[in-house]
Amino acid sequence: MTIMRKTHPLMKMVNHAFIDLPTPSNISGWWNFGSLLGVCLVIQIASGLFLAMHYTPDTLTAFSSVTHICRDVNYGWLIRYMHANGASLFFICLYLHXGRGIYYGSYSYMETWNIGIILLFLTMATAFMGYVLPWGQMSFWGATVITNLLSAIPYIGTDLVEWIWGGFSVDKATLNRFFAFHFILPFIIAAMAMVHLLFLHETGSNNPLGIPSDCDKIPFPPYYTTKDFLGVVLLLAFFFTLVLFFPDLLGDPDNYSPANPLNTPPHIKPEWYFLFAYAILRSIPNKLGGVIALVXSXLXLALIPHIQTAKQRSLMFRPISQLXFWLLVSDVLVLTWIGGQPVEPPFIIIGQIASIXYFTIILVLMPIAGIIENKMLKW
């Protein structure tokens, strides 16, 4: 008798994706982040669903409904902090996952990489709209500043901004539509993650050596299910330490004040995971130039497969490219720090230097390093 998981139409799909899946025998802990992102998405959708049951997307009651969740709903404070810190955890895993893709040359799988970039943009959009919903000071002013950037688009900019706002300023209509989009986007992310997996399983996983591993594959369970489970346990330990002991560590105190259109906070800034892009935006004095740089900061990832010059796929045995990669990581950390600082000397010039360095490393240094390494290996 044939096994049901190999014959049943639905089970067969799951079987090919998770059970009878040949996997390279040497993939390291850096390959855990895909499954960890799946766990983060489940946490976010589950906690978000319970929050949506008690939240009201109205300018008069949004802030007090969040307060009500924290004070009156059973374990509402826990659900709210899980959702808020779950977003931070999601982005930590997302950036590490993308960094691993750059380091080990996973961008060679073009379809998987491009879907991953779309997933990054969708997640950023979802997180931005979610940050607006509590209707605190930083929610309101963050929404005003970021949506206003679209007015830099020539000719249609102003009309586009008013169309998104649903009026002449960020108001009830804006909050309502942001709530609707924030609710639907995670399900689109889940669907896109399925497509991401579909393309990945067409080619099979990459490995740290960046070489074909068809001659040395092992089954996914029990080896990598155990490994993924360990990753999930460590992730949840870190997550609940954050949620239960330091719930406001990554938040902004200004968001505990209700939104007031008549009072601007001294320093408007987004959540920490957008600070690197925000620093790039601020470092260009021209509005349209800043918006272009902001979009290009994440779009540059899509260029990496097209501008890579090295004959070796992974950076494991390429010390010059490794140097450029870790310079890029350091640069992103500097940009994140600068994004949270006020716009005054010396932070302005540091931000401008770091922004130039960011694009130079990705577009110039990495390809040059690849060419030099090819020459050194006489390829």
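Note: Cβ is positioned from N, Cα and C throughout, glycine not excepted.
Model, not experiment: these values are computed from the prediction.
Copied over from Swiss-Prot, here are the features:
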- HIS83, HIS182: heme b b562 binding site (BINDING)
- HIS97, HIS196: heme b b566 binding site (BINDING)
- HIS201: ubiquinone binding site (BINDING)
- 33-53: transmembrane segment (TRANSMEM)
- 77-98: transmembrane segment (TRANSMEM)
- 113-133: transmembrane segment (TRANSMEM)
- 178-198: transmembrane segment (TRANSMEM)
- 226-246: transmembrane segment (TRANSMEM)
- 288-308: transmembrane segment (TRANSMEM)
- 320-340: transmembrane segment (TRANSMEM)
- 347-367: transmembrane segment (TRANSMEM)
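Its Cβ placed at the centre, HIS97 (heme b b566 binding site) has 20 other Cβ atoms within 10 Å. Using a cut-off of 8 Å between Cβ atoms, the transmembrane segment (33-53) and the transmembrane segment (178-198) share at least three residue pairs, counting only pairs 6 or more apart in sequence. Most Cβ pairs under 8 Å to the transmembrane segment (226-246), among the stretches 77-98, 288-308, 347-367, belong to 77-98. Taking the Cβ of HIS196 (heme b b566 binding site) as centre and 10 Å as the limit, one finds 21 other Cβ atoms among all the protein chains shown. On the backbone, the CA of HIS182 (heme b b562 binding site) and the CA of HIS196 (heme b b566 binding site) stand 21 Å apart. Neighbour density around each Cβ, counted as other Cβ atoms within 10 Å, peaks among the binding-site residues HIS182, HIS201 at HIS182. Within its own chain, the transmembrane segment (77-98) is flanked in space by residues 30, 33-34, 36-37, 40-41, 43-44, 47-48, 50-51, 66, 69-71, 116, 120, 123, 127, 130, 235, 238-239, 242-243, 247, 250-251, 271-273, 301, which lie at least six positions past its ends and keep a Cβ under 8 Å from the stretch. Put simply, HIS83 (heme b b562 binding site) is 24 Å from HIS196 (heme b b566 binding site) when counted between their Cα atoms. If you look at the transmembrane segment (288-308) against the transmembrane segment (347-367), you find at least three C-beta pairs under 8 angstroms, all six or more positions apart, and that counts as contact. A straight line from the CA of HIS97 (heme b b566 binding site) to the CA of HIS83 (heme b b562 binding site) spans 21 Å. Taking the Cα atom of each, HIS83 (heme b b562 binding site) and HIS201 (ubiquinone binding site) are about 30 angstrom apart. A sphere of 10 angstroms centred on the C-beta of HIS83 (heme b b562 binding site) encloses 21 other C-beta atoms.
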